[in-house]
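S.K.: Encoded as structure tokens, here's the structure I'll be asking about.
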Amino acid sequence: MSTMREMYPKKGRVILHVDMNCFFASVEIAHDSSLQGKPLAVAGNEKERKGIIITCSYEAREYGIRTTMPLWEAKRLCPQLIVRRPNFTLYREASFQMFQILSRFTEKIQPVSIDEGYLDITDCYALGSPLEIAKMIQQALLTELQLPCSIGIAPNLFLAKTASDMKKPLGITVLRKRDIPEMIWPLPVGAMHGIGEKTAEKLNDIHIQTIEQLAKGNEHIIRAKIGKHGVDLQRRAKGMDDRQVDPSQMGQHKSVGNSMTFSKDMDEEKELLDMLERLSKSVSKRLQKRTLVSYNIQIMIKYHDRRTVTRSKQLKNAIWEERDIFQAASRLWKQHWDGDSVRLLGVTATEIEWKTESVKQLDLFSFEEDAKEEPLLAVIDQINDKYGMPLLQRGSQLLRKQEKSFQQKLESKFM
């Protein structure tokens, strides 16, 4: 044991990031062995040829099929493509079994979505070296559930997540801080975990094209361009990440809100709506940072005479983006503001849940122009009508209608 202990750092942590490969497709294959080795896609209504590819097997990817591709196009590339409709009940059960297996190795597990999670194995040296533990986890998932995964091994969450993306399927990658200059820095900033297309564009605007340039960039210029989040990204580009694996994290987030007390009473609607938009942006950032979504938006209006009005809107579908939160909040505002001057304004997202894979699929569609003109729910209805995929809408609702939700089940078992 003492020899094995020497394979762990004297200071610092050992973090694993377990990421299931093509999760939905892999679950389908595990439950129907005849699909093994064949091009498979999980998508919408095959008969009407209106589906969108949610995920596909690696065999399908060899034909050029990708997530978000229209089903008709995928069929053109691969006429023999096998299509399955999404089965969220099946996927949730497989996810629960996955986390049960992970819990054999450590109690320090942080699920971040239906198909991925972090483990802190710093104190698990009695089980073997970090690489041996990763191999045992990978083999257990493959043998017992027939589900492949990739695992990243690193000293912090960011590097572990980055490492797990490097080898798929069935990869195990060790990423140390000393590996960063060679393995991470040459990549474009858009390839870095946590940087989306818009953030990458902003960084490009200040002549930051690579992760190395981000790591070595001027902190003040980066902060001025994208705020405090930019400084956090710069630290991670240097390999620094102080976040802990927190098994109780989800239980702490019953709501996410922000409010602002004004130095003087305000009655200009434009200024108040501008503040409402800024508060919505702040709530959105906090939700996305924690991979959460909301099914209820609430506003608080405190008037100059201390009267307080709190109103909320129940939503049919999960939201997390700034524009959707602001849309719900501004509607409430227009319905309930009586015209008097305001001293405090607040926006809160409640009924918080994980941004599970079924909810994430709504990210896959680009209906930005429609979203500017139509309510979010109308856009989602349009997606369902056009692509024949009502499960994208109802799947997220199904997660919430269980007597004991998937999230609660995980929390009660592992947290």
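Keep in mind that glycine also has a Cβ here, set from the backbone N, Cα and C atoms.
From Swiss-Prot, here are the annotated features:
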DOMAIN    15-196  domain 'UmuC'
BINDING   Asp19, Asp115  Mg(2+) binding site
SITE      Phe24  site 'Substrate discrimination'
ACT_SITE  Glu116  active site
REGION    238-260  region 'Disordered'
COMPBIAS  246-260  compositional bias 'Polar residues'
S.K.: Hey, what's the Cβ neighbour count for Asp19 (Mg(2+) binding site) at 10 Å?
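M.R.: I get 21 for this one.
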S.K.: Quick check on the recorded positions Asp115, Glu116: which one has the highest count of other Cβ atoms within 10 Å of its Cβ?
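M.R.: Answer by Cβ density within 10 Å: Asp115.
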S.K.: Looking only at DSSP and grouping its letters into three states, which state does Phe24 (site 'Substrate discrimination') belong to?
M.R.: helix
S.K.: Using a 10 Å cut-off, grab the number of neighbouring Cβ atoms around the Cβ of Phe24 (site 'Substrate discrimination'), all chains included.
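M.R.: Other Cβ atoms within 10 Å of Phe24 (site 'Substrate discrimination'): 28.
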S.K.: In three-state terms from DSSP, label Glu116 (active site) for me.
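M.R.: The residue in question, Glu116 (active site), is strand (DSSP, three-state).
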S.K.: If you average pLDDT over the domain 'UmuC' (15-196), what do you get?
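M.R.: The average pLDDT of the model in the domain 'UmuC' (15-196) works out to 93.
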S.K.: Measuring Cα to Cα, how many Å separate Phe24 (site 'Substrate discrimination') from Asp115 (Mg(2+) binding site)?
M.R.: 9
